[in-house]
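The L-threonine binding site feature in TrEMBL is assigned to Thr37, His69, Arg122, Ala142, Ser182. The ATP binding site annotation in TrEMBL covers Arg60, Asn64, Ser144, Ser152, Arg196, Tyr238. Residues or ranges marked as domain 'YrdC-like' by TrEMBL: 15-200.
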Amino acid sequence: MKTEVRIIDDIKGAEVYINRAASTIVNGGTVVFPTETVYGLGANALDEEAVKKIFVAKGRPQDNPLIVHVADKNIEYLVNDIPDVAKKLIDRFWPGPLTIILNKNDIIPEVTSAGLKSIGIRMPKDNIALELIKKSRTPIAAPSANISGRPSPTDVHRCVEDLEGRVDFIIGGINSNVGLESTIIDCTVNPPCVLRPGGVTLNMLREVDENIYVDSAIMKKPTEDFKPKAPGMKYRHYAPKAKVTIVEGDIEKSVEKINEIVQNYIEKGFQVGVMATEETRTFYKQGNIISLGSRNNIEEVAKNLFETLRKFDDYAVDYIISEGFDEDGIGLAIMNRLRKAAGFDIIKA
Ligand code: TXA
Ligand code: MG
């Protein structure tokens, strides 16, 4: 398949390409586009054949439902009913990094929801994404634009790396500024339950309804018979090629422990990457050291996480050792993704 790749920074001057991308959607094709969380791999959410192409392009398991992206807060035509709390969440957080799960109606085909009666819906904040959806005149189903299992892409060049030749169109240029996938909140239950932490934090959600809580499964290692409410959360996710280990606990002790582990691997002839922070980077003497940013700017750490995992793949390291982070605010989402990337291989410092 020939992929049209258009690198653009802004909607200004790019109208002709956005129009072409929208025609691709209308004609049942697949388009990779930017969002403020991560890049998405989209197709017409209401067209069964088009949606099937997403699963093929990504190598995505069929039982993993897609998120439907809209450009308008009016979503009555897609769902059976919208509880008051969901209306409040939409008003407060859309456009933005919040996916709301509601009971779908028949307009949404079963392939899109992977057979579930519910559907996740999100209005992204990115201008190119919004223009693309508007011009396509249909909601766009889109998972993250990576080959299944790899870290989600926050940079268009990573989408090209994973998906050129597998999709019809790739459009984008600006890096995603949240850097982690959207928060998912299930509003088919009362009180609503967070199934995946993200840029809209628990404290922010609790300003709308103080009873909102986080599904306890998000920090647990999936087992054979474990069925998380967000089907996608059971897969090995966000994983670079190297084996990841997290050292959690007191930061000074963590640095010491990480240095010890790195030394050990290097003696055995392995290539090692260290995910450090601005505060600690100079304390590491060996290995490939990349700083995620400052611990005082946890949003920056979130934004850099997936790209850093992919950089270590470029360097072909065998092992990645990462520091841990507090679970406050977006820190919860960072630790959720890191622990999954590590397959829950965690060492206490
Ligand atoms: O930020 C994002 O959400 C990005 C951008 C592109 O919008 N998209 C994204 O999609 O992360 P994806 O497919 O990588 O993750 C979707 C997650 C999966 O874990 C899936 O199981 C869950 O959402 N999900 C989708 N529909 C669901 C439903 N009806 N009930 C429970 N979980 C659902
Ligand atoms: Mg994904």
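Backbone N, Cα and C atoms are what each Cβ position is placed from, and that goes for glycine too.
TrEMBL annotations: computationally assigned, not manually curated.
Quantities reported herein were computed from a predicted structural model and do not represent experimental measurements.
The CA atom of Tyr238 (ATP binding site) is located 21 Å away from the CA atom of Arg122 (L-threonine binding site). Cβ environment of Ser152 (ATP binding site): Val38, Tyr39, Ser144, Ala145, Asn146, Leu180, Glu181, Tyr238, Phe306 lie under 8 Å away, each six or more residues apart in the same chain. Put simply, Arg196 is the one of the binding-site residues Arg60, Asn64, Arg196 whose Cα lies nearest to the Cα of Ser182 (L-threonine binding site).
Packing around Arg196 (ATP binding site) is summarised by its Cβ count: 24 other Cβ atoms lie within 10 angstroms of its Cβ, all protein chains included. Sequence-distant contacts of Thr37 (L-threonine binding site), defined as residues of its own chain at least six apart whose C-beta falls under 8 angstroms from its C-beta, comprise Pro97, Pro124, Ser176, Val178, Gly179, Leu180, Glu181, Ser182, Gly198, Gly199.
Using CA atoms as reference points, the binding-site residues His69, Arg122, Ala142 were checked against Arg60 (ATP binding site), and the closest is Ala142.
Contact annotation for binding-site residues (Thr37, Arg60, Asn64, His69, Arg122, Ser182) versus ligand 2: none, no CB falling under 6 Å from a ligand atom. The Cβ of Asn64 (ATP binding site) has 17 other Cβ atoms within 10 Å, all protein chains considered.
Other than the site residues Thr37, His69, Arg122, Ala142, Ser182, same-chain residues with C-beta atoms no more than 8 angstroms from the centre of those residues' C-beta atoms, the L-threonine site, are Thr35, Gly40, Ile67, Pro97, Thr99, Pro124, Glu181. Note: the CA-CA distance between Asn64 (ATP binding site) and Ala142 (L-threonine binding site) rounds to 12 Å. Each residue contributes its Cα atom, and for Arg196 (ATP binding site) and Arg122 (L-threonine binding site) these two points are 14 Å apart. Here the binding residues for ATP are Arg60, Asn64, Ser144, Ser152, Arg196, Tyr238. Their largest Cα to Cα distance works out to 18 Å.
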